[in-house]
Amino acid sequence: MRTNPTTSSPVVSTLEEKNLGRIAQIIGPVLDVVFPPGKMPNIYNALVVKGRDTVQINVTCEVQQLLGNNRVRAVAMSATDGLMRGMEVIDTGAPLSVPVGGATLGRIFNVLGEPVDNLGPVDTRTTSPIHRSAPAFIQLDTKFSIFETGIKVVDLLAPYRRGGKIGLFGGAGVGKTVLIMELINNIAKAHGGVSVFGGVGERTREGNDLYMEMKESGVINEKNIAESKVALVYGQMNEPPGARMRVGLTALTMAEYFRDVNEQDVLLFIDNIFRFVQAGSEVSALLGRMPSAVGYQPTLSTEMGSLQERITSTKEGSITSIQAVYVPADDLTDPAPATTFAHLDATTVLSRVLAAKGIYPAVDPLDSTSTMLQPRIVGEEHYETAQRVKQTSQRYKELQDIIAILGLDELSEEDRLTVARARKIERFLSQPFFVAEVFTGSPGKYVGLGETIRGFQLILSGELDGLPEQAFYLVGNIDEATAKAMNLEVESKLKK
């Protein structure tokens, strides 16, 4: 059994009880601190710099290196403006600890676990240190089980693993945020789970927009904050690298509590995992490490591993992680995305071409992949249906150039049938979302995996060849598509 979180945070009580050091050097976000002999803090201990006299300064740092000669090197979690050599530094005697549990839901926190949403203080009776070891082998749940999202294209073609890690690839404006919000909504409704969102080094405006959209869609319940389905932890682009480097761990620590103590299924969103690596590379040289390939930190794999290995299923519950991955200059061989890929179980690729056609969620059925899509895991029926959907979509893609030049009439009868079915499949992969109801006016749909498979089998078998393709656009299950086709027929007769 893992140790429970502490029920009191390491508060700096009186100066006499704590180790006191003094700042010896400041280089940007990195501080060197001298402590008395024999009173050195441990690696990862939190240090607090207090201002002199009337100056209100309260900067928290984290010990990264013990340099010898009673000096330690620490990374600041907030701006070091106004700090001077000789200032007193207090060793708290423990790592950074953050509030965990139900009190975190519906609130926004910074890397230190302090609320930043102007909604008053948070109950901090239960806190947990952000540095913990990954669960032991004996605690892991190694069964392969599908994490049903209720989103047709995901469940059929690139299913998520319960306790797995999913990479979310997509440019600006293709629907990443809406997809993330729908997943948060569906895990709460279908799995009774909660979500934690870690905003790592992204734009402050985007963080604010996400918060506002979550309030609009009901994911954050303003009237009764305790009924919210998500906790938000932000370390945005304007924060020092120390905060961006640790904010992912703060979010993960909150998620671990829901998994280990509340025994819930948790969704952990990290947006963006690349910024976590980038923040580490910013301080790496200041910490005196030799850079490795492309200037990244030599500890890149270790840092990534220590975060990713804590994201897993245990016998108590699961943390399923969805990580937005920025690919610098679209170079997939760059060490940062390449290291991330090694940890992913599935990839969900969002396509601008599909978004332009108005097909939402704009998940690319051919580029998205999953290690779960194997007959021994998902079953023969699911696997066969998914493969046939992909084959039909691939054939349609190959024929598009011919159609553009010569037109549909020049295709063989068989190819014309394939194109017609592929267009129905493309539209049936779209789906109305609960969180988009306020914008679209059409009620959201949660489609179970069995219903999804049945629908695509009917399209592939040719039973629905007589229905118009627009009947399949933005519907839930296949019965809704047939009902919509009948309505369209009635409408067209009335017009005549």
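Glycine is no exception: its Cβ is also placed from the backbone N, Cα and C atoms.
For reference, Swiss-Prot has these:
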- G170, G171, A172, G173, V174, G175, K176, T177: ATP binding site (BINDING)
CB within-chain contacts under 8 A for G175 (ATP binding site), separation at least 6: L350, A355, Y360, P361, A362
Other CB atoms, at most 10 A from the CB of V174 (ATP binding site): 23
Surrounding CB atoms that lie within 10 Å of the CB of K176 (ATP binding site), all protein chains: 22
Least buried by Cβ count (within 10 Å) of the binding-site residues G170, G173: G173
Site with most surrounding Cβ atoms, counting all protein chains shown within 10 Å, from the binding-site residues G171, A172: G171
Nonlocal residues around T177 (ATP binding site), in sequence order (Cβ under 8 Å, 6 or more apart): E206, D209, L210, E213
8 Å Cβ shell about G170, G171, A172, G173, V174, G175, K176, T177 centroid, ATP site members excluded: L350, A355, A362
